[in-house]
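Annotated transmembrane segment per TrEMBL: 27-48, 60-78, 525-545, 565-586, 607-630, 650-672, 693-714, 726-744, in sequence order. Sequence annotations record features per position, and here TrEMBL assigns UDP-alpha-D-glucose binding site to E119, D148. Annotated active site per TrEMBL: D148, D455, in sequence order. Per TrEMBL, the feature Mn(2+) binding site maps to K291, D315.
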Amino acid sequence: MASDELRMGKEEEHLPLFETKRAKGIVLYRLFAASVFAGICLILVYRVSHVPKAGTDGRFGWIGLLGAEIWFAFYWLLTQASRWNPVYRHTFKDRLSQRYENELPGVDIFVCTADPTIEPPMMVINTVLSVMAYDYPPEKLSVYLSDDGGSEITYHALLEAVEFAKHWTPYCKKYNVEPRSPAAYFVSVPADDAVEDNQAKDFVVITKLYKDMENKIENAVKLGHISEEVRSKHKGFSQWDTYKSRHDHDTILQIAIHGRDPNSADVEGCGLPTLVYLAREKRPQYHHNFKAGAMNALIRVSANVSNGNVILNVDCDMYSNNSMAIRDALCFLMDEGKGHAVAYVQFPQNFKNLTKNELYSSFRIISEVEMHGSDGYEGPIYIGSGCFHRRDTLCGRKFIKGSKSDMKWEISRKREESGIHELEENSKSLASCTFEQNTEWGKEMGLKYGCPVEDVITGLSIQCRGWKSVYCNPTRKAFLGLAPTTLPHTLVQHKRLSEGSLQILLSKYSPAWYGHGKISLALQLGYCIVCCWASNCWATLFYSIVPSLYLLKGISLFPQISSPWLIPFAYVIIGKYTWSFVEFLWSGGTILGWWNDQRMWLYKRTSSYLFAFVDTILYFLGYTDSAFAITAKVADEDVSQRYEKEIMEFGASSPMLTILATLALFNVYCFAEFVKEATTGSKGMAQVFETMALQILLCGVLILINIPLYQALYLRKDKGKMPASIAFKSMAFVLVACTCFKFSY
């Protein structure tokens, strides 16, 4: 009996800490994709073989559509790289605990914020508290708040959070609370039957403590500064004595909790995680490199304070929704068979404030489909938040086949013996403006500089050094954040993402050549999906304008209904959008959500991507500088109410909204003029429909998809409607353009 138990124990030791499953039905999908590709080829054959002769009406439009369709075909092929071999991962956290519970590595968590107005301190603190309460040994956990705004109000909020954490952390562990963001937890608990009887008393106490903390922080926010009474209680505020502005100040570093200090304990007498506040030095004459610079300062400072083997970075609005996420990540990093090659574990970006039908779309298909496809080639991209890294891979280390890196916990005697004040002073220089001069930081070490999406090129460079990455998408989402609640904010966010991605494609870090021979071709194509986002603008604009424009003159640009050439067009259109619909529903979306996704697909490509493309070209020509735009995380009450009702928010005038309004009105005008000519002209409706069915269908779909725009232009009276100035400008543009075209021959 003993020998059987011993044998079973040895077998258990060799079982993997995670398993990988291939997607079901992948063969059927590949056959379907092959048939769609055949249809695309036939469409291109039709275009090339039926080009109108020189001087014939419609030749320009025909050739332009050929170019657009070649681009769509190319981009469709790119997207197949992320659907050809998807995999799904499952972890075995019980095996991890059985083997390594006493040897789990140190984990340093970076929370980054940059503006206390756009990113409210209460939101930031809830994220900090959520990661402090992970189901993980507190002495091995260190949390760093990087405040690039250098705000004493954010620092004050952190100090208040320290006192609350002494009650919140033991409460979470005692009652196995999920989620561990206080704000999210209290919202998730119904008021009428909040908790079980044995928990009720503690629930009342913890609720009151949270409200007290919230009131103190919000009062400081309203006041706009810290009162002298509060400043006198904490010596850390003295570091703001030389503070000139958020762009001109010394390094501010405060170890609010030293986890290995026996005096740092919660109300139950148990230890708390280390908690550090950092506002790196800023000077007007030095480029601070945005979030990448903040992350690199955190990497250096944390190495001196706690030096955890694993680094997790989260955006300040991405609170922990799953207290076991660290253990999920470690199942990949500590797996005896494959873990030594894993550089980072990427979790998806999910959002708690999405409406039922995802009014402004989301990253659903990216998270639920494309990232799993990249994982099939051991290379999901690093998306900048919710990612667990091996520290040494962020510092430029190359992967050597057969090498093994020890992730086990080790206590540094040097740090144990150092006093808090001494540790703070020794670490400040690591976050100075001049520290990186004549070093490899931002090049071969840390996150890379020179691009608005520094996370993507950083992940690519790690993979090009031989490392693999893993995508972990557990049933209970690991992180939940805030999605934009207005259309302009959504468009600005996608402009930044697509602009940065296009810069990568045209830079020395382009996956097309930087990754050649270093990562698989499929993974290169997967990166190019993102890098080519902005380039989609021209083909989409052409398809949104030219077919409708030619309706005005009754010139057909597609096969007639009776022509056999209509079949490949019909098959590709029906097949692509049917699969897109099924894919969206399978990923957990709704029918109306899919329709909203198609609308946002059009809006992004004709506005965000267009401006991103133009700005990128100007950037490479030296006319503009690269910039990092922070998306607002809060909205006015009336904006929030309209968002919850799924009413699109347009608001202030902007060039992107002008383009959208112009395109929407343009298609209405073309369709109305066409109907007028068709009903009063010599040709009957049946004949007109026979020759121009696909153009009519395309124009009609564009009108239907733009209904919210028409409502915002002419029917709505609320503050979220389209500004009158945009309505006048867009009508003028449409009348001039259509009149000129109609009478150009």
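Every residue, even glycine, has its Cβ placed from backbone N, Cα and C.
Where TrEMBL records a feature, it is marked here on the structure.
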| residue | record | contacts (Cβ under 8 Å, 6+ apart) |
| --- | --- | --- |
| D148 | UDP-alpha-D-glucose binding site | C112, T113, A114, D115, R246, A279, R280, K282, H288, K291, A294 |
| D315 | Mn(2+) binding site | V111, C112, T127, G384, S385, G481 |
| D455 | active site | I381, Y382, I383, G384, C387, L447 |
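With a 10 A radius on its CB, E119 (UDP-alpha-D-glucose binding site) counts 25 other CB atoms from all the protein chains. Ranking 60-78, 565-586, 650-672, 726-744 by CB pairs under 8 A with the transmembrane segment (693-714) puts 650-672 at the top. Proximity of distant same-chain residues to the transmembrane segment (726-744), defined by a Cβ-Cβ separation under 8 Å and at least 6 residues beyond the stretch ends, is recorded for 549, 552-553, 653, 657-658, 661-662, 664-666, 669-670, 673, 713-714. Tertiary neighbourhood of the transmembrane segment (565-586): same-chain residues 32, 35-36, 38-40, 42-43, 46, 50, 76, 364-365, 369, 558-559, 593-594, 597, 694, selected by CB-CB distance under 8 Å and a gap of 6+ residues from either end. A sphere of 10 angstroms centred on the C-beta of K291 (Mn(2+) binding site) encloses 23 other C-beta atoms.
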